[in-house]
Amino acid sequence: MALLKVKFDQKKRVKLAQGLWLMNWLSVLAGIVVFSLGLFLKIELRKRSDVMNNSESHFVPNSLIGMGVLSCVFNSLAGKICYDALDPSKYAKWKPWLKSYLVVCVLFNIVLFLVALCCFLMRGSLESTLAQGLKNGMKYYRDTDTPGRCFMKKTIDLLQIEFKCCGNNGFRDWFEIQWISNRYLDFSSKEVKDRIKSNVDGRYLVDGVPFSCCNPNSPRPCIQYQLTNNSAHYSYDHQTEELNLWVRGCRAALLNYYGSLMNSMGAVTLLVWLFEVSITIGLRYLHTALEGVSNPEDLECESEGWLLEKSVSETWKAFLESLKKLGKSNQVEAEGADTGQAPEAG
Amino acid sequence: MAPVLPLVLPLQPRIRLAQGLWLLSWLLALAGGLTLLYSGHLQVQLWHLSTFLAPSCPFAALPRVALAAGAVALGTGLVGAGTSRASLDAAQYPPWRKVLGPLLVVGTAGGGGLLVLALGLALALPGSLDTGLEEGLGTALVHYKDTEVPGHCHAKRLLDELQLRHHCCGRHGYKDWFGVQWVSSRYLDPNDQDVVDRIQSNVEGLYLIDGVPFSCCNPHSPRPCLQSRLSDPHAHPLFDPRQPNLNLWAQGCHGVLLGHLQGLASTLGSMLAVTFLLQTLVLLGLRYLQTALEGLGGVIDGEGETQGYLFPSGLKDMLQTAWRQGGVAHRPAPEETPPEEAPPKEGPPEA
């Protein structure tokens, strides 16, 4: 009992082949889209690799790029096959390869589905690299004269301005590190000396933030220093003031950005996967329909197309049997003539 | 009654003309489409910068006229492509025959006029940008503090975002901020002696400080941004205000915006010039094709030679005919409007 049998006459076969040809070329375009999505994600990750500690995983964009290329290759090949399918002489040269090609297609579809799932799951690993990277970035904020780290201030400032965020989890992260370089501190001032003595590591800690944390939506000019001192500024209460600085932390902002990017890429990849599955199914029907043409000279005859020759459980059993046979025949070859009798498979 | 600029067109050159015209028409459609898109882009940019451009500035008219001109060029290109394609096939030509006459009139008068207007605007208007921006930025600077005054409450946010995005500070430099009160009086402590001194130090009673808003800060500076007491050389260690430094953005927003908008206008101007050139060529080609095929009486594949021409007779004769036919509704119109564009070509043949 074949699975999902469909009768095909000549006209239907021709229509199927033409439809598949068109779908394959559309799928090549879809493959190009997936490729460019992967490339875009790779570039975006590279742009901000400074705040990700240079240890972010490029698995998702690389696999999207690979899948895009493979999809283009397979689908253009399938398009050529569908084009030749209507001509028996040309089709004859593809005939022996078609079964293994379909197996490869099925494997490709499985891998594509897994890649689409990965797009949704990578968020977790990104969170940890971001947390570490931002912490280090803020630590090196003041090292504008240390080679290798001199760009960190500019990177963090531009990041906070662009993503409308402040600090790692919030603006208070800036209170815990020294972000003003010693070169710009007046060590003869009493205030500076007091602050440095007030903590074990001898760091100049202030309750202030860099200018890039300022929120332009605030009705008053930005308050950056003495943020926890209500009396330092007229009509200011630091506990109710919300518009002065950006409230969001940069880790949450970046995670949000990359998360939504990857979610939409995952959704597009799933759509492409559905399209590919339908192409594979159509190709299988075409394959079996053309196999079923009993008389190669009489093209007008009807044939049947199916997905699997027997039902799913029977096919699975036959597959396992053939695997066992394969294993046993290898065993026989290894043992050589000593065994004498080759055990017959059931 | 000699035709103006006649051209003998046997079958092969006619086919070549039609094919070349088809290609040119698609190029014209492409150019028209690009002009359309680019003027849309300019319109969006202007909309974003509308606060900083005085409402009296006529610059806003340019993208609208260019939009219309681009649309007409696109339409001309598409119809021209259809006509030249149809002229190669006897069965398809008759419906296009009727369209061709009005198209040539509309294309020349409407499209040509719009394109010339748009070109003129693109060349003349950027000059008025200077005063428009000067006024607009000045108003924005003055209203920076008015975050609770209806109508001006967005000035602070917009000006901050402008300075952050375009990397500029003040109108012509950061010192412009020293001359306006940019801190709202609501956040000034009336009991603070410094505040009272500053307010009393000038005629208008403004609280002027030698400081700038945070959006003027330059992230490329190696030291944390210095925004206040910029004129005092002793206020900050290692900072001498007489030395050029990376602390704040050095350019004024006026210069930056002027350059930006003038660049956009000049690109649009060159696109309009190319579209104008293509449209002239396409309309000329279509006219020659039309008159050549009329000479054959609509039989496309005729092997005979025909003449294509711009106008059946010289300008004087045409005006006389038009005068005589004065009572007929709108008949003279097609002969009268083309001369607006054609006089430079008519001069030599008539002389």
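From the backbone N, Cα and C atoms, a Cβ is placed for every residue, glycine too.
Non-local neighbours of the transmembrane segment (B:21-41) in the same chain are 62-64, 66-67, 69-81, 84-85, 264, 267-268, 271-272, 274-275, 278-279, 281-282, 285-286, 289; each lies 6+ residues outside the stretch with a CB under 8 Å from one of its CB atoms. Residues or ranges marked as transmembrane segment by TrEMBL: B:21-41 (among others).
Feature annotation from TrEMBL assigns transmembrane segment to B:61-82 (among others).
Using a Cβ-Cβ cut-off under 8 Å and counting only residues 6 or more beyond its ends in the same chain, the transmembrane segment (B:103-125) has close neighbours at 58-59, 61-62, 65-66, 68-69, 72-73, 76, 79-80, 83, 265-266, 268-269, 272-273, 275-276, 279-280, 282-283, 286-287, 290, 333-334, 337-338, 340-341. For B:103-125 (among others), the entry in TrEMBL reads transmembrane segment.
The annotation transmembrane segment is assigned in TrEMBL to B:264-286 (among others).
Marked as region 'Disordered' by TrEMBL: B:324-351.
Annotated compositional bias 'Basic and acidic residues' per TrEMBL: B:342-351, in sequence order.
Tertiary proximity for the transmembrane segment (B:61-82) is limited to same-chain residues at least six positions away from its ends with a CB under 8 Å from its CB atoms, namely 21-22, 24-40, 42-43, 46, 96, 99, 103, 106-107, 110-111, 114-115, 117-118, 121-122, 125, 265, 268, 272, 275, 278-279, 282-283, 285-286.
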